[in-house]
Amino acid sequence: MNVLIINCGSSSLKYQLIDSETEQVQAKGLCERIGIDGRLIYQPAGGEKEVTEAPMPTHTEAIQMVLDALVNAKTGVMKSLDEVDAIGHRVLHGGAKITESCVIDQAVVDVIEECCDLGPLHNPANLKGIYACQKLMPGKPNVAVFDTAFHQTMPTKAFMYGLPYEYYEKYHIRKYGFHGTSHSFVSKETIKFLGLDADNSKVIVCHLGNGASISAVKNGKCVDTSMGLTPLEGLVMGTRSGDIDPAVVEYICNKENKTVSEMLNILNKKSGVFGLTKGLSSDFRDLEEAMADGNQLAADAIDIFCYRVAKIVGSYVAAMNGVDAIAFTAGIGENAPLIREKVCEYLGYLGVKIDAAKNNSRGKEVVISADDSAKKVAVVPTNEELAIMRETVALVK
Ligand code: ADP
């Protein structure tokens with residue numbers, strides 16, 4: 001089957017066409033500046049990257065351009081759109097009603113719509129992508145794969161906040177968790193790669209990218225995760241603060257004459273390692289370079305980041321009463337040996353030992369713990385598009 005994977009943001013859209021038999025990407029790219037001016041980036045497998053500037057007032061024109069590129073006589077990878085068998089959409093928030101991926105019908109659209117409140121930046125964009133595909137490829141099955149779904153197995157004690165119960169009843173305020181497709185994919189790959197028993201295993205997945213989250217996966221099911229009602233909770237991230245005392249918000253609002261929504265913008269976009277380094281960078285490559293040049297703020301930001309990762313990992317060892325394996329994934333987890341080493345230094349009490357030579361690796365699936373380490377530690381690259389493709393095929397076959 002040919003599966004088109006669509007990941008819509010508010011003004012951008014990433015896509016991949018994947019052959020489900022070979023699991024090879026046939027073409028991929030993105031549309032940028034939707035609603036502003038418009039740019040399509042298209043790359044067929046083994047071919048050159050093409051950039052086309054063209055107006056894209058809405059997601060419908062953007063997806064039309066993607067489809068035109070896929071069937072283009074010269075550089076396309078299909079003769080006609082009939083060769084697309086299904087479309088898989090990444091959707092941010094499914095609330096508490098959706099616990100797994102589903103074929104999109106009106107009831108599913110209604111839930112995504114209801115959850116726009118909880119995911120105001122993403123859910124409306126995800127819906128636009130769904131509507132555009134329904135319009136441009138009528139009759140083809142569309143599947144929604146939710147970022148929150150994998151975390152729906154968390155028990156009450158993990159997902160409830162210590163707030164008046166009425167807010168849970170009235171507004172569904174609770175922890176939902178994000179990056180679920182990645183946590184699901186990487187935990188399963190880790191179990192396979194390390195030869196663990198799927199029904200008797202305790203795995204901690206550290207998804208460390210620009211956005212970063214950790215999950216505790218017991219017997220293949222998520223029992224806790226670090227992001228919350230929104231992706232702002234948990235770790236210190238590229239530009240997000242992660243956990244802070246909620247009273248900080250009022251304090252700064254009063255001192256700096258800011259509104260709560262201005263503060264939230266600061267917590268989302270101006271904080272994290274970016275804020276800690278006075279705006280030097282949110283990218284760990286820049287921070288490592290600055291640290292090597294003697295920049296103390298960059299060194300501290302890296303320390304703060306790693307310390308927070310280690311503290312959450314430790315709390316999940318407690319939550320699961322043990323751990324068999326720890327997996328690192330996403331941009332930082334896959335590519336930053338220094339960060340992995342610093343995190344693991346904190347885990348010595350678990351008997352974790354890193355093999356420096358094995359850890360000196362980027363972007364590859366590899367065990368990085370020493371042979372005599374009490375716990376296995378591995379780098380397991382994530383692949384959200386592949387995971388969405390597999391879910392889509394499983395549902396429409
Ligand atoms: P997202 O999908 O959340 O945008 P990614 O998972 O792609 O993020 O991760 C991007 C981040 O990965 C970059 O901001 C950078 O901090 C980090 N990164 C990528 N490559 C390296 C590297 N070689 N060394 C250190 N950090 C890296």
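Here the Cβ of each residue, glycine as well, is placed from N, Cα and C on the backbone.
Residues or ranges marked as Mg(2+) binding site by TrEMBL: Asn7, Glu384. Of all Cβ atoms in the shown protein chains, 22 besides its own fall within 10 Å of the Cβ of Glu384 (Mg(2+) binding site). In the three-state DSSP scheme, Glu384 (Mg(2+) binding site) is classed as helix.
Counting only same-chain residues at least 6 apart in sequence, those with a Cβ under 8 Å from the Cβ of Ile332 (ATP binding site) are Leu208, Gly209, Ala212, Phe284, Ile339. What TrEMBL lists as ATP binding site is Lys14, His207, Leu208, Gly209, Asn210, Gly211, Asp283, Phe284, Arg285, Gly331, Ile332, Gly333, Glu334, Asn335.
Other C-beta atoms found within 10 angstroms of the C-beta of Arg90 (substrate binding site) number 22, with every protein chain shown included. DSSP assigns Arg90 (substrate binding site) to a strand segment in the three-state reduction. What TrEMBL records for Arg90 is substrate binding site.
Here the Cβ of Asp147 (active site, proton donor/acceptor) has 25 other Cβ atoms within 10 Å, regardless of which shown protein chain they belong to. Summarising the annotation, TrEMBL assigns active site, proton donor/acceptor to Asp147.
Among the features that TrEMBL reports, site 'Transition state stabilizer' is placed at His179 (among others). Cβ environment of His179 (site 'Transition state stabilizer'): Asp147, His207, Gly211, Ser213, Ser215, Met227, Ala330 lie under 8 Å away, each six or more residues apart in the same chain.
Shown in sequence order, Gly211, Pro231, Leu232, Leu267, Asn268, Lys269, Ser271, Gly272 are the residues of the chain, 6+ apart in sequence, with a C-beta less than 8 angstroms from the C-beta of Arg240 (site 'Transition state stabilizer'). The site 'Transition state stabilizer' annotation in TrEMBL covers Arg240 (among others).
Around the Cβ of Arg285 (ATP binding site), the number of neighbouring Cβ atoms within 10 Å comes to 12. In the structure as shown, the Cβ atom of Lys14 (ATP binding site) sits within 10 Å of 18 other Cβ atoms. With a cut-off of 6 Å between Cβ and the nearest atom of ligand 1, the recorded positions Lys14, Asp147, His179, Glu334 reduce to an empty set. Same-chain residues at least 6 positions away in sequence with a Cβ under 8 Å from that of Asn210 (ATP binding site) are, in sequence order, Met237, Gly238, Thr239, Ser282, Gly331. Asn7 (Mg(2+) binding site) has Lys14 nearby among the binding-site residues Lys14, Asp283, Arg285, Glu334, counting only those with a Cα within 10 angstroms of its own Cα. Residue annotation for ATP gives Lys14, His207, Leu208, Gly209, Asn210, Gly211, Asp283, Phe284, Arg285, Gly331, Ile332, Gly333, Glu334, Asn335. The furthest Cα pair among them is separated by 24 Å.
With a cut-off of 8 Å between CB atoms and residues at least 6 apart in sequence, the same chain places Phe328, Arg362, Gly363, Val379, Pro381, Thr382 near Glu334 (ATP binding site), listed in sequence order.
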